Amino acid sequence: MNNSIRELTLLQPDDWHIHLRNGDALATTVPHAATSFNRVICMPNLVPPVKNADDARAYRERILHQLADSNISADRKATFDPRMTLYMTDHTSVQDIEIAAKSGIVQAVKLYPAGATTNSADGVTDILACADVFAAMEKYNLPLLLHGEVTHAHVDIFDREKRFLDEVLVQIIANFPILKIVLEHITTSDAADFVLAQGNQVAATITPQHMMLNRNHLLLGGIKPHLYCLPILKRETHQKALLNVATSGSSKFFLGTDSAPHATDKKEAACGCAGCYSSPTALPLYATAFDSIGKIDKLEGFTSRFGAEFYGLPVNTNTVTLINTPMQVPTHYPYFDGSTLTPLMAGETLPWSIKG
Ligand SMILES: NC(=O)N[C@@H](CC(=O)O)C(=O)O
Ligand SMILES: [Zn+2]
Ligand SMILES: [Zn+2]
């Protein structure tokens, strides 16, 4: 690598998997997301969850209200477009799907196996019993977004994603061959290979942490609660495989930060919450990851083209410029009620930053 200043102008990225939360959290999360992204797919695991089109519309209004109140630039305000998801439960009906599909604001339906992750208690208990709902999603071309882990108590946490592929996902795909599916936040080479082996209706998002870090970062030399997310970081071979597919130019893999804020004290605890907060520095993080193996030329497809293509949306027309001027990730951000958020790689220096 040479030492000259390099700049990289990208079509403005979209984040196809983000947790903005609700209430007072929005004052922090919305401007952070809107600074880097145009479209964001807002996860529905609020308390209570976003279960139908009316909930989604009301949630979107709260986000847009917060956007209007924030002091980011008028340009960024104008292009920010939160796209909503429904939280699938055992009670989701075909009618819920029909109404959502026609609402114009619901982009997808999210399935959490019950108990798999943060705020998933209302998730689906018997996925293969949801045939009529999947059929309706197929009919209306509404994608299914998966937290792809089995939840049986006896299955080892490091095996849960692979078991989901073999025991659940193969059956969903076999029964609903044209249903669009995104396997969210993939963590293993098994998941990457699985997605590559499917038709173009199956894609995956990859977070910055899963392509930059592995379980040694989480557990060696002291436990690092801010690197704990679900699905949990895996071994280095998986991390490398994810970085390789993300930078391969395959349009099946695209940006989804899974930025998932939990106040610092809720993570630095005897029973710490799962989730990494990465949204404000996601672009420098991904640029750093791609550049680490000489693949920065593949960044724009991953950040700004493949997700839009998968969802059948136009690519953005505005741009953002990254520059290889180092930046320090803040040690924390103010959150609500006097708490803070500690971001992914807090205090570390990244070689790339956003220009201007
Ligand atoms: N990824 C996480 O570890 N946590 C997410 C939930 C999720 O995406 O699974 C959250 O909402 O906190
Ligand atoms: Zn998840
Ligand atoms: Zn998530």
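Every residue number used here counts from 1 along the chain in the order it is shown.
Placed from the backbone N, Cα and C atoms, the Cβ positions cover glycine too.
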Listed co-binder of Zn(2+) 1 (same site as His17, His19, Asp258, source TrEMBL) among Lys102, Lys110, Lys162, Lys180:
Lys110
Of His147, His152, His217, His226, which does TrEMBL put in the Zn(2+) 2 site with Lys110, His185?
His147
Of Leu179, Leu227, Leu230, residue recorded by TrEMBL at the substrate site of His19, Leu20, Arg21, Asn45, His147, His262, Ala274:
Leu230
Counting distance between Cα atoms, which of the binding-site residues Arg21, Asn45, His185 is nearest Asp258 (active site)?
His185
Which recorded positions, if any, among Lys110, Leu230, Asp258, Ala274 have a Cβ under 6 Å from ligand 1, given in order along the chain?
Leu230, Asp258, Ala274
Compute the centroid of the Cβ atoms of Lys110, His147, His185, then list the same-chain residues not in that set whose Cβ lies within 8 Å of it, in sequence order, for the Zn(2+) 2 site.
His17, Met43, Leu111, Tyr112, Thr117, Leu145, Leu146, Gly148, Glu184, Asp258
Taking every residue in the domain 'Amidohydrolase-related' (15-314), what is their average pLDDT?
97
Give the subset of the binding-site residues His19, Leu20, Arg21, Asn45, His147, Ala274 lying near ligand 2, defined as CB under 6 A from any of its atoms.
His147
